[in-house]
């Protein structure tokens, strides 16, 4: 308790000179701050392209065409049929295919040099490409580790990859 009170006293001495500023209506200050934060977030969000919408791949610009056959999807998808059909129509049309964002793939290099690709999101896009029998799908590769994979799969994650 002595340790904490030391810092509280030091803080209170520093802020004593700010008397008139601290007497302002706190809710007014909080409202201004949150409004400013919301405006900044909206500006940031509108400046981002639609392709950079995921947490994992927001900083990755490079898109690859990855063979569907090498992608592992360990968690079964729960799909909205209308969404899959809509995506299929968009993908079929060559001019609008670019509107479909790439999926994120966790890319894990095996201990003996093999590459493994795991997909946990993009279920509807993956299913649309699969039903259209496309050999490849647009993807952003997120370099990952077995530890990252463990976060998704828990104890079902493989202990090692060759």
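Here the Cβ of each residue, glycine as well, is placed from N, Cα and C on the backbone.
What Swiss-Prot lists as ATP binding site is 122, 123, 124, 125, and the listing cites similarity to another entry. According to Swiss-Prot, the feature omega-N-methylarginine maps to 24, 38.
Apart from 122, 123, 124, 125, the residues listed for ATP, the same chain places the Cβ atoms of 77, 87, 103, 121, 126, 127, 128 within 8 Å of the centroid of those Cβ atoms. All protein chains included, residue 123 (ATP binding site) registers 19 other Cβ atoms within 10 Å of its own Cβ. In the three-state DSSP assignment, the secondary structure recorded for residue 122 (ATP binding site) is coil. Close to residue 122 (ATP binding site) in the fold, though at least 6 residues off in sequence, lie 102, 103, 104, each with a CB less than 8 Å from its CB.
Residue 125 (ATP binding site): 22 other CB atoms within 10 A of its CB, across all protein chains. Neighbours of residue 124 (ATP binding site), defined as other CB atoms within 10 A of its CB across all chains, total 21.
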